[in-house]
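This report concerns only the one structure given below.
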Amino acid sequence: MAQEMRYFSTRGGKETLSFEDAVLTGLAPNGGLYIPTHIPALPKDWKTKWAGLSFPELSHEILSLFVPTSVIPSDDLQSIINTAYSSFRSPATTPIRQTGDNEYVLELWHGPTWAFKDVALQFLGELFRYFLERRNKDKTEDMEELTVVGATSGDTGSAAIYGLRSKPSITIFILYPDGRVSPIQEAQMATVPDANVYCVAVEDSDFDTCQSIVKTLFSDAQFNATHRLGAINSINWARILAQIVYYFSAYFQLPEEARKDGAKLQFVVPTGNFGDILAGWYAKKLGLPMEQLVVATNENDILERFFRTGRYEADDAVQQDQTAETAAVNGSSDGQQAVSAVKATHSPAMDILLSSNFERLLYYLALETNGTEGSDEEKRFKAQERLNDWMSTLKKDGKVDLGEDVRQAAGKDFWAERVSDGQTLEEIQKYYRREKYGPYVVDPHTAVGLTAQERSAKKASPDTTWITLSTAHPAKFSGAVELALSASEFPDFDFRRDVLPDELKKLEGLEKRVHRVKGEEGVRALIEKVKSASHEKVDAEEGRGSL
């Protein structure tokens, strides 16, 4: 009999949780992230059985491996999935587009907010609704409620809001760094009028500050218990789970020649918080045929440095002596590498110093490099113990040397490339100039991925098929796109006419509601005020603005 899937914290403890409890809890009380007790096996005939399935049908097949029917009956799970993806504009949900010989882009931005976060957050929103409705069924008092608190560098916030707006028994607070999201991203969040939505601009902050506030609130046992906090950031396992699906979907959309036995396939993923690419790693471990996953970072390059050196460093101890050759590759002329603080770049969703989901991979790396002695439970305990040591050192010193054995273990599945701002703009121009596969306007994060793909292809077999994840519609990042394509060689380019969808144009002039606060105490005070007001709308700053 197959072992029923449960979930445990990366940082220790013998307790395991059901899928429902792991989703509703989000972050473990000890600060760890929930991961499955085992990675399940695919059906032997999955390549033929799943070929031709729609995205919702494929989602059901994959998610069923991680969600027991005792937690969500099969028909209910399919209904949740169908509702989650009913608002996507593409029949394929996440279609691929050919951009070169053996090169494809996986467009993940056909959901309601035009960003890849919709894939996971539409699903997570439906999960929250389903679990709370079931728990509150037949109750007339003491109804269970969820206070969702999340941080965003732009796209997570709007996707979470659209996934949770007007859902009963849920109040959502989205924190973002004041002045450091694009006008369209802020408009998508702040123009939603639903009474359960609160957009919180944290003054004098960056994304890491906002994310740190969220983690602190979740780690505060009393505050968490009082308000029943729920997580929508990629620390929530359900988000990783939903994202696994589009790696399989992309595979099945490839020409048959690219899917034959022995064919080489690589995915390239613009990477900030490590959730998107971690989903690809789980897909690989499940059995999806691929060589490596390419981590594409911008100038906030802590991940690229880890895969190159084995050191995970967030402080100013890292000063690299670049030769002329490495400077040319890394684009040092576009600014010093990020070490002591987050650098604002043209790809802001990747402007992250510490990647929260990297902890999940570190657990598996600890497990792999600890040796094979002991029972499964003993090996798990040793891995958790080692991970705790790493995280304690990182918290204390701002850096941790994970060792050459860990770096080599990671290198079996990952390769990393760092892309500068200047190279990002050049890539946007390059794809707009393309003739064979037509002009293609890409957002700056996709441009980072495409640059990394081109570099990686020079080191790989020429018959490799490449899929680069496109994480946002270019309209979401007008500043970088217009900067790249405003040159004299593109006199006919008009951003509003050529790129901006009508749905986003309609945001112009709509009333915005924003709550501006200072630091953690300001966030706490706002949540306390809202929850004590019995869900009456707490006044926000109101205003209108152009995009």
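Cβ atoms here come from the backbone N, Cα and C positions, even for glycine.
Straight from Swiss-Prot, the features:
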BINDING   Gly272, Asn273, Phe274, Asp276, Thr471  pyridoxal 5'-phosphate binding site
MOD_RES   Lys117  N6-(pyridoxal phosphate)lysine
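Taking the Cβ of Thr471 (pyridoxal 5'-phosphate binding site) as centre and 10 Å as the limit, one finds 28 other Cβ atoms among all the protein chains shown. Note: the Cα of Lys117 (N6-(pyridoxal phosphate)lysine) and the Cα of Thr471 (pyridoxal 5'-phosphate binding site) are spaced 8 Å from each other. Long-range Cβ neighbours of Gly272 (pyridoxal 5'-phosphate binding site) (same chain, at least 6 residues apart, Cβ-Cβ under 8 Å): Ser153, Thr297, Asn300, Ala349, Met350, Asp351, Ile352, Ser355. Note: the pyridoxal 5'-phosphate site is recorded as Gly272, Asn273, Phe274, Asp276, Thr471; in the same chain, Ser234, Val269, Pro270, Thr271, Gly275, Ile277, Ala349, Met350, Ile352, Ser355, Asn357 also have Cβ atoms within 8 Å of that site's Cβ centroid. Remark: Asn273 (pyridoxal 5'-phosphate binding site) has Asn233, Ser234, Ile352, Ser355, Ser356, Asn357 as non-local neighbours, by Cβ distance under 8 Å and separation of at least 6 in sequence. Its Cβ placed at the centre, the residue listed as 'N6-(pyridoxal phosphate)lysine' has 33 other Cβ atoms within 10 Å. The record assigns Gly272, Asn273, Phe274, Asp276, Thr471 to the pyridoxal 5'-phosphate binding site, and the maximum Cα to Cα distance across that set is 13 Å. Considering only the binding-site residues Phe274, Asp276, the Cβ with the fewest other Cβ atoms within 10 Å is that of Phe274.
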